[in-house]
Amino acid sequence: MITMNSHSNDIDYSNGYMEPEEEWEREGLLDPAWEKQQKKTFTAWCNSHLRKAGTAIENIEEDFRNGLKLMLLLEVISGETLPKPDRGKMRFHKIANVNKALDFIASKGVKLVSIGAEEIVDGNLKMTLGMIWTIILRFAIQDISVEEMTAKEGLLLWCQRKTAPYKNVNVQNFHLSFKDGLAFCALIHRHRPDLIDYHKLSKDNPLQNLNTAFDVAEKYLDIPRMLDPEDLINTPKPDERAIMTYVSCYYHAFQGAQQVKMHMTNTAMPDERAIMTYVSSYYHCFSGAQKAETAANRICKVLKVNQENERLMEEYERLASDLLEWIRRTLPWLQSRQADNSLSGVQKRLEEYRTYRRKHKPPRVEQKAKLETNFNTLQTKLRLSNRPAYMPTEGKMVSDISNAWKGLEQSEKSFEDWLLSEMMRLERLEHLAQKFKAKADTHEDWTRGKEEMLQSSDFRQCKLNDLKALKKKHEAFESDLAAHQDRVEQIAAIAHELNTLEYHDSTSVNIRCQRICDQWDRLGNLTQKRRTDLDDAEKILEKIDILHLEFAKRAAPFNNWLDGTREDLVDMFIVHTVEEIQGLIDAHGQFKATLSDADKEYNSIIGLVKDVESTVQKYQIPGGLQNPYTTLTSTDLSKKWSEVKLLVPQRDTTLQAELRKQQNNEMLRRQFAEKANQVGPWIERQMDAVTAIGMGMHGSLEDQLNQLNQYEQNVFAYKPHIEELEKIHQAVQEGMIFENRYTHYTMETLRVGWEQLLTSINRNVNEVENQILTRDSKGITQEQLNEFRASFNHFDKNRTGRLAPEEFKSCLVSIGYSIGKDRQGEIDFQRILAVVDPNSTGYVHFDAFLDFMTRESTDTDTAEQVIDSFRILAGDKPYILSDELRRELPPDQAEYCIQRMAPYKGVNAVPGALDYMSFSTALYGESDL
């Protein structure tokens, strides 16, 4: 909606049309066609005002040379009195008069850098036209604005809205769009349809259209003919300034007349004075449209803000619901600890978790950041538009989302810890199960046939020597049995540990362990019983073969040593460091050092057998080769000794392979540590730099925003380092590496630091953008903003971005607020505190502090102002009609008001009357959302 800012004293030089002196200087000489159009248009415009004083000009570059008519023109259009002119005819008198006119123009906020009095006195046409264009801008065009647009854009938008319903009219500029004359005719027909029959006009006859419009405007609207139809048609691109000057006369004539007409329509019996006022308004009243236009503009602005806020609220609700629902669905999966108790099952869940971290979570991190950014933007817009703070529905507050997100991250940490501990537990279980099986197989091989042997009655048919041999053999068996006691206890201990760790196949383990223990008990009982039987028969069996006995005694422990050695050489092991495997290698080296002594013992035992064979062969002893004291033979010992010598180099190979594996793991640890020790400090430095920028220590807000954007680009450029570290971390986990003494950084801490860095940058960017929005919308300068930031940072000693109540009070006092130390002063301070900390968090953040300071120094829309605006549109009635809303407001916003306004039920209500007062009050009340 277009408004007239009649109280403005400064010209906006934000575009080319508001910088006349600089543009004239750049152009050098005007285009001849444009110069002709401007000269005619500007002359007619000046005469339209000078005739009010009973005079006129004929030649624009000559008649202003003495400065008299120039001063008179300024007095007429401004309504103010200029200093008394010099009446002399000398050159210096003329320069003095022109300088008085130029000084008056400068006093209205207009800078005339390249235009001097000497050029005007010398009749410089270019400079004279530039001066007149500056006057037209200041007194005829500048006051036209639409929302936050420039004067040119406001006038263009007025033309677009007024000519929108007309066929063949499309106003996009102030040159070609008016060349065929239909736009001028449409403007006249829109306001005075009785003057022109628009439907009879043709786009193919521009000369007739232009003459019709110019003649009607001059005859009925008192707008002088400022343009020449032939010039417009024959010029490829008509002069914008000439057309803008002429169109502004249409604007002032129609807008001024419209308000006067509205006043007369609402009067039951207009008197002669009212009619005279209406008639004179066509000629003099330009300010009447200002109030209606200002009122409509205010309503459009308020409704547009309200509609945008409602859209942002609905978007926040949708995003919050979606994110919370995703967290609700994800938590049960992360909190589940059910598995099939197998290593492959846990590895599958670990891979699923990696997929979740790589693919499913990152989009949700972006969604959470967008949600927080939208929420902060919405709250800032609500504060700037003097609306109450937005309160999301229950369970969808930012704090609720933060708590839910924190719970999600805690569940992730707990789930990952559980997966790693479960893998370690199951790996140990598999190792123990293999160890149990190996020891059980060895034991069962050893016990196979032992029960039958102990239950045998063979000693009853033996001779004395055979009986003694059986007794010695039994003694050797008892030694062997005692030696196997440790193995049985180890088997039972391993089975107990598997049960404690809940091995998935513990049932079969328990059955086998119980079978071994029961057999072991039977072997003990049978051994004791057989010894008793042999002791009873020992009285008749006396001869003992010394050589066989010596062999049995020495072969049995050596055989046990061989069995134990074979078990140790094939025993499984699990290590996690180079030091541990090196310890095993050192122990194996010590074992190999004892092999020479073992070889001597082996040769000594074999020597006993050879002595027996020699004796038997020499004396031909029947059955003498059979050792009655043991079942071991030299063949058994030789076979086992050969196996031991083969297993020793195999063990060397296994240990060296494990050493290479641990060395590779060590390399992975160092590789991860080297990269992590680079990435970790880099993230910390970036976080410190972003925090420093967030404290406002780096130039203007735009500089801070540019720096934050640069940091954001640097962070995204650094992401390949994070991805490289993730690949190394995956290799570390696949290698079952659980500790790293070369760095205190873990992948989890680096991920959290990375996410916090992204969140910090987004949050600071949002805060700076909101501060820029606050600064620009409230009209505060960069110096004021720097002063606010400096005061805030001075009392923010801990650099937390917030102030405690006492720090905030000291800050207010430092910038000039007078807060008494009495009870009334405390009441005033609590009132201010309730504004800047409405949620009673106990802290005041900088955006709330800035909002408070800008609110103290700027004006904002209020419900009372909106009610006054509606009252102007309604012609001072306590109600407003649908037709009035549709006539003054854009279609979408008019329908928005009609749908939401309650029927007016007061005195003198008419059918269709709408209550604009309750509607305006509701705009500043609590939001439906």
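Glycine too: its Cβ is placed from the backbone N, Cα and C atoms.
Just so you know, TrEMBL annotations never went through curation; they're auto-generated.
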Which one of 302-329, 470-497, 582-609, 862-889 shows up in TrEMBL as coiled coil?
302-329
Average the pLDDT scores across the domain 'Calponin-homology (CH)' (36-140) and report the rounded value.
87
Taking residues 6+ outside the coiled coil (302-329), which of them lie with a CB under 8 Å of any CB in it?
364, 367-368, 370-371, 374-375, 377-378, 381-382, 385, 387, 390, 392-393, 395-396, 400-401, 404-405, 407-408, 861, 866, 893, 896-897, 923, 927-929
State the non-local partners of the domain 'EF-hand' (783-818) in its own chain: residues 6+ outside its ends, Cβ under 8 Å from one of its Cβ atoms.
691, 694-697, 700-701, 771, 775, 829, 832-833, 836, 842-846, 849-850, 853, 857
